[in-house]
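Asker: Encoded as C-alpha cells, here's the structure I'll be asking about.
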Amino acid sequence: PHDIAPNALSEDDPRNPRFENRYREVPDAELPRTESLKDTIDRIMPYWKCIIFPNLKTADEILVVAHGNSLRGIIKHLKHISDEEIVKLNLPTAVPYVFEFSDELNLEKDYFLGDPEEIRKLMEAVANQGKKK
C-alpha cells in the first residue's frame, strides 16, 4: 500500500539524514527516518501546485529531475491514478518522461522518450528490484 512506510532508520544508521551536512540546521526531530509513498506525495504536491505548475503558463518547457516516488506523485496527480494503481507504476531510472499540455494546461499526452521495448525492460528491472532473490 502507498501509505505504509518502511522501517525507520536507526539513530546511528549512516543513511540517517542527520549525518548529512546539508541538514545540519534542521532539528533531528524534524528529519524523517522513513517515508511512505503517500508521505512523499504529500510533501511534493505543494511544490508542484505552487512552483512548477504555475510556471507552465509562461515556459515552453520545464525539466523536472526528481526521485522516482516524487515523480510518481506528480504522475498520480496529473493522470488521476488511484492509490492502488500508483504503487504498480515502475519508473525507469534516467529515462525522460514527457507531459504535453494544452494551452489551457490540461494534460494531452504523456510518454517515455526512447525505444518502447527497451523502456519496458527497464520498467521490469525496476519492478524486480524489491523482490527477493
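Cβ coordinates are placed from backbone N, Cα and C, and glycine is handled just like the others.
These came from TrEMBL, pasted as-is:
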type     : residues     : note
BINDING  : Gly68, Asn69 : substrate binding site
COMPBIAS : 12-26        : compositional bias 'Basic and acidic residues'
REGION   : 1-26         : region 'Disordered'
SITE     : His67        : site 'Transition state stabilizer'
Asker: With an 8 Å cut-off on Cβ-Cβ distance and a minimum sequence separation of at least 6, pull the same-chain contacts of His67 (site 'Transition state stabilizer'), or say none.
Answerer: Thr40
Asker: So what sits near Asn69 (substrate binding site) in its own chain, CB-to-CB under 8 Å and at least six residues off in sequence?
Answerer: Glu35, Leu37, Thr40, Ile41
Asker: Using Cβ-Cβ distances, find the residues under 8 Å from Gly68 (substrate binding site) that belong to the same chain and are at least 6 apart in sequence, listing them in sequence order.
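Answerer: For Gly68 (substrate binding site), the qualifying residues are Leu91, Thr93, Val126.
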Asker: Using DSSP, break the region 'Disordered' (1-26) down into helix, strand and coil residues and give each count.
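Answerer: For that range the per-state counts are 6 helix, 0 strand, 20 coil.
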